[in-house]
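What Swiss-Prot records for this protein:
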DISULFID  28-79  disulfide bond
DISULFID  142-202  disulfide bond
CARBOHYD  178  N-linked glycosylation site
DISULFID  248-308  disulfide bond
């Protein structure tokens, strides 16, 4: 099981500036961190136009991602990388690689990085809450990025256990900052199909691809294990502050798909008030996570009852709740 690992940050600079001298692409490679997430800002958040941060890729138990920004060719930019799990903050300034004046850059116009490999396809699972509540609709999503303006037409075919299905919705393509398109197809699925481990396949056709790309996803294989849920009061050391933390510890569950939310005196709490860690693999292959609810100390002192609700497929009726409040005295 992977330990918390801080990322390394490397600048990515084009080796030549386009001779019109207008725009160029700079980037930062954030490599070898665990767990998710990291945040990447440019110029401390002042630079938002022309930014494209790609999804993280998991390799050998560690995540990596790339963030790119398009700026005027005379400009440098600083990427600000934060990895909360390891309390790491790294600022890396990226500037174009200058060639000596007597020998100006004579390489052909730098191809934009998105065109090197053509379109890429990613498939995403349904949200755990959607698969566990009959009143909600679980959806598998297929996303195609780096679709060129020359070949913008994208077709999707969906399969459930290799049988074609026709109820997907393809959304209108969206133009990205770098003049490529992003296209998304969403397949509503049956709760039981996901929970029983059926395979969902998205097949993508585009003339810029030498052959269709297929991506498959299914629930993690293995025997489900029921989570144990414990609520923890604020630490005595924290009670001198105006805000205190009520914690929900959820352990011993498998697979990692889980949903946690809170209520205060039976009223649902806004998601802004609590933070969940990602599920973390434990030594025995099960998962655990913490959920931290921040509350006013005055509300805690008044005996407000806080309830941690956990949804997981191994639970009876897919849900369990644990309540906590200040003990009298």
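The backbone N, Cα and C atoms fix where each Cβ goes, glycine too.
Sequence features, as recorded in Swiss-Prot, placed on the structure.
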| residue | record | Cβ contacts under 8 Å, 6 or more apart |
| --- | --- | --- |
| 28 | disulfide bond | 9, 10, 11, 12, 40, 66, 67, 79, 81, 92, 94 |
| 142 | disulfide bond | 121, 122, 123, 124, 156, 158, 184, 185, 186, 187, 202, 204, 215 |
| 248 | disulfide bond | 229, 230, 231, 232, 260, 262, 290, 291, 293, 308, 310, 322 |
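Residue density at residue 202 (disulfide bond): 25 other Cβ atoms are found within 10 A of its Cβ, drawing on all protein chains shown. Most Cβ neighbours within 10 Å, among the disulfide-bonded residues 79, 308: 79 holds that distinction in the structure as shown.
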